[in-house]
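TrEMBL lists 1-12 with the feature compositional bias 'Acidic residues'. Positions annotated as domain 'Anaphase-promoting complex subunit 4-like WD40' by TrEMBL: 332-410. Summarising the annotation, TrEMBL assigns region 'Disordered' to 1-35. If you look up TrEMBL, you'll see 94-136, 137-178, 232-259, 364-402, 403-441 marked as repeat 'WD'.
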Amino acid sequence: MAEPGDGSELEPEASGGALFLMAGGSDGGGGGEGDAEELVEVVDLEPPGPDDLANEMEDVDLDEEEAAWEDEDDEEEEVVEEGMEAQDDSEVTFSKHTASVFCVKLDPKTNTLAVTGGEDDKAFVWRLSDGETLFECTGHKDSVTCAGFSYDSTYVATGDMSGLIKVWKVDTKEEIWSFEAGDLEWMEWHPMSHVLLAGTADGNVWMWKIPGGECKTFEGPNCPATCGHVLPDGKRAVVGYEDGTVRIWDLKQGRSLYVLKGQDGHQGPLTCVSSSKDGSLVLTGSVDCQAKLVNCATGKVVSVFKAESIVPKSSAGEAEEAESNSVESLGFCNVMPLAAVGYLDGTLAIYDLATQTLRHKCHHESGIVQLLWEESSPVVYTCSLDGAVRLWDARSGKLISEYRGHSAEILDFALNKDASIVVTTSGDHQAKVFCVQRPDR
């Protein structure tokens, strides 16, 4: 496991006081820069004298020398690639998938089982301790992109891109319900009942009682419902759409409580939504590189966190790269008034919600795929396209540790309740279990 080098000097800790939020919509968050100075190690090499150079240049065939250099470069590249594959910090590897593994969730009751779904049209429920398969969720005919356990681990649901959703009883390993919706965008279990929600490409959000199958639909705009999340009270859900709008739905009444559009919405498709632990706040993220903080009680935008406040304005040569940036993942810290936003350009931004300012930016060499906060500490985990999982101290912005083992990008990951285990899925057809070593506990 690679240990991080020294980071920048510590910044002051966020105020642990009360969180004060304005009800009115404010257009500019992320004011404070909080940039950490980058430390650069300079190594002075004693330059060779002219006589040394002259001696080295005598009797040199430049063509042969150039060919030799090319061979050395090729050898070095091979060694680096072999080295990347050789470093494996994982404890268990699950290898039953035969193509990219897109999703993973842990069973919430015991945290001993995982469900993974992949491009091979397969999903498996398996044990974290030894990687042994409990059962295969059969019958899918398209990539399984969504999977998850019910709140009490009684059921596990799997969903594929075509919209075929299946539910299995974990203890009997039997399929007990299935439904074909439209092309599937996301799927999530209700936090406290056997109710399953899903968003589809036709703009609908579906809600089913399991195993009975009683159904309710929430009609959105005529465009995909790209992301969604049931709020902690279990009575409302926040849903983001491809047209940049956000709706907060009353699940019982079947009506939208608030619609955020125009300036309050986003200027591009929504990519992710998340809520604070008490459900009073929601964060929405989009390909427009903005994250919006919304008061759920009023439906008002409290603050807007913009990528421009993080990354220096790009030159003309970097314009194309800047165009492709987007918010990929976001979430709230449970124990401090902090939020994290992960970007496709590799920036992890930590915001102070009390002051609504940028507190830290943590750099990754490649794009962030997902982030997760520890349940009971201000530590945020990221997985990225370079195949690594990283732990960051949100108070200081410093890298705590890094875990590797995949030979391709990580596509999803999950964290157990006490943050001792991370389970990752990757384009290398594998899922891996990492035991997290933390010196501070």
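Glycine is no exception: its Cβ is also placed from the backbone N, Cα and C atoms.
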Next item on the list: Report the DSSP secondary-structure composition of the repeat 'WD' (403-441) as helix, strand and coil residue counts.
Entry: 0 helix, 18 strand, 21 coil
Margin query: Should anything in the same chain at least six residues away from the repeat 'WD' (94-136) have a Cβ under 8 Å from its Cβ atoms, list it; otherwise answer none.
Written below: 142-149, 151-153, 156, 158-160, 168, 170, 173, 408, 411-417, 421, 423-433
Notebook entry, point to check: Which whole number is the mean pLDDT over the repeat 'WD' (232-259)?
Noted result: 97
Note to self: Checking distant contacts: for the repeat 'WD' (232-259), what same-chain residues at least six beyond its ends satisfy Cβ-Cβ under 8 A?
What the structure shows: 190-193, 197, 199, 203, 205, 207, 216, 218, 220-221, 223-226, 265-273, 275, 277-279, 282, 284, 286, 288, 292, 294, 296, 298-299
